[in-house]
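Enquirer: The structure that follows is given in the form of structure tokens.
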Amino acid sequence: MQYQLLINGALVNGEGERQSVYNPATGEVILEIAEASPKQVDAAVLAADNAFTAWGQTTPKVRAECLLELADSIKQNALQLAKLESQNCGKPLHCVINDEIPAIIDVFRFFAGAARCLNGLAAGEYLEGYTSMIRRDPVGVVASIAPWNYPLMMAAWKLAPALAAGNCVVIKPSEITPLTALKLAALAKDIFPPGVINVLFGRGQTVGDALTGHEKVRMVSLTGSIATGEHILRHTAPAIKRTHMELGGKAPVIVFNDADLDAVAQGIRTFGFYNAGQDCTAACRIYAQRGIYDTLVEKLGQAVSSLKMGAPEDESTELGPLSSQAHLARVTAAVEEAKALSHIRVIAGGRQTGGKGYYFAPTLLADAKQEDAIVQREVFGPVVSITAFDDEEQVLRWANESRYGLASSVWTQDVGRAHRLSARLQYGCTWVNTHFMLVSEMPHGGQKQSGYGKDMSLYGLEDYTLVRHIMIKH
């Protein structure tokens, strides 16, 4: 099993404190890995800074070829990567193989193509005797912090646009789920020039702070919690570093009386519980119009109760464990707080399953009120709440009364209503009669406390560039 760090083109052992990496399906230790030492963090950033001189000047064709080669290598090693991701995260293996690995490969391939299509604006004479040009140039060294819910996919989302734009990257995966990022380091080692990609391991307070605060780091990209985002913004503020933040969500799912309720129930069964609900776009905050509320609660209860929990390697498993013992405790506390409210009805789940591993039963909580914490705070687990609403204006107000602004969906057969709400919902993405669908060509990112900046799409590529004006006198 690959457990070494990638620094300046070489795989090396960490020199810091050893940390245990767990299998969440069993609670057992997979292995121990040594963190990067402060000296190794410094070496990785300096390697990236040195490599940037040449990499930032390479042609888009060369960068694209490297990204395509890495995509091919991921495809060739797909089963090994999927098994590592499943073992370290508790994801059902078939979901990683069939859903996540193809999407990861596509992200690298998309940005390989996009790298060759990034242009500045046309030249022009805006002052007599002078010609102006607009360039889009790479930022420099990017420190990327990836989360524990989709370790390999988020590594791809961080690496691909940054590298395509000509930046060099030092990436730190979560210390909870580092195995696929470390394997990716081994695959990338002989494809990219030394220092272009560096992969470290360690906790935020020991490695993350040293990395994001390093004077040579020009940009920090984070996918994580609001609290982590706030910390990094405070930590990097004195140096005025560029930042790119994706900080979670609490997606409203608005279901009107005319919606196809069978499609809604089956959709939420998937969109609310994929990856054990550990997804910032999960369909977790349901608003159902009063005329269909009771029917939808019944249909959702049946759908949620039918989800099969089990071992990640079992092909029939739909729901795996949560990522860690600490996160299991957080999800349990959030549900217990909701259950203590007299108006909340537990339709399904609402408890840990017991036994080995960090499993929490798929949960549906009915009759939640707008002010309840279960409606307002991200749980990040297999937990969905449902609230009744009366009319369009009320539900629009409730949906937007949230500190989050990442994803939302509207379920209706009324095209005019779909357009009206889509235009007024304060979310980075709004789906109509579906949820959770992502493609490499379209941007993903939030507003409000869900952060700023885009992943994927040409907008994501532009976020890793600087706009520069060149003026020539003639």
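Backbone N, Cα and C atoms are what each Cβ position is placed from, and that goes for glycine too.
What Swiss-Prot records for Glu246 is active site, and it gives sequence analysis as the kind of evidence. Marked as active site, nucleophile by Swiss-Prot on the basis of sequence analysis: Cys280. Feature annotation from Swiss-Prot assigns NAD(+) binding site to Ala146, Pro147, Trp148, Lys172, Pro173, Ser174, Glu175, Asp209, Ser225, Ile226, Ala227, Thr228, Cys280.
Mind running through what each feature is packed against?
Expert: The Cβ of Glu246 (active site) lies under 8 Å from the Cβ of Leu222, Thr223, Gly224, Cys280, Leu406, His444, Gly445, Gly446, Ser450, Gly451, Gly453, Asp455, each of which sits 6+ residues away along the same chain.
Taking the Cβ of Cys280 (active site, nucleophile) as centre and 10 Å as the limit, one finds 26 other Cβ atoms among all the protein chains shown.
The number of other CB atoms found within 10 A of the CB of Ser225 (NAD(+) binding site), across every protein chain shown, is 15.
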Enquirer: Name the residues of the same chain, 6+ apart in sequence, whose Cβ is under 8 Å from the Cβ of Glu175 (NAD(+) binding site)?
Expert: Gln19, Val21, Glu35, Phe201, Gly202, Arg203, Gly204
Enquirer: Around Ala146 (NAD(+) binding site), which residues of its chain at least 6 apart sit with Cβ under 8 Å of its Cβ?
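Expert: For Ala146 (NAD(+) binding site), the qualifying residues are Met154, Ala155, Lys158, Ile171, Lys172, Pro173, Ser174, Ala181, Thr223.
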Enquirer: Rounded to a whole angstrom, what is the largest C-alpha distance between any two of the residues Ala146, Pro147, Trp148, Lys172, Pro173, Ser174, Glu175, Asp209, Ser225, Ile226, Ala227, Thr228, Cys280 that the record assigns to NAD(+)?
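Expert: This binding site's residues have a maximal Cα-Cα distance of 24 Å.
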Enquirer: Including all protein chains shown, what's the count of other C-beta atoms within 10 A of the C-beta of Trp148 (NAD(+) binding site)?
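Expert: For Trp148 (NAD(+) binding site), the count of other Cβ atoms within 10 Å is 21.
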Enquirer: If you draw a 10 Å sphere on the Cβ of Ala227 (NAD(+) binding site), how many other Cβ atoms land inside?
Expert: 10
Enquirer: Using all protein chains in view, find how many other C-beta atoms are within 10 Å of the C-beta of Pro173 (NAD(+) binding site).
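Expert: There are 28 such Cβ atoms around Pro173 (NAD(+) binding site).
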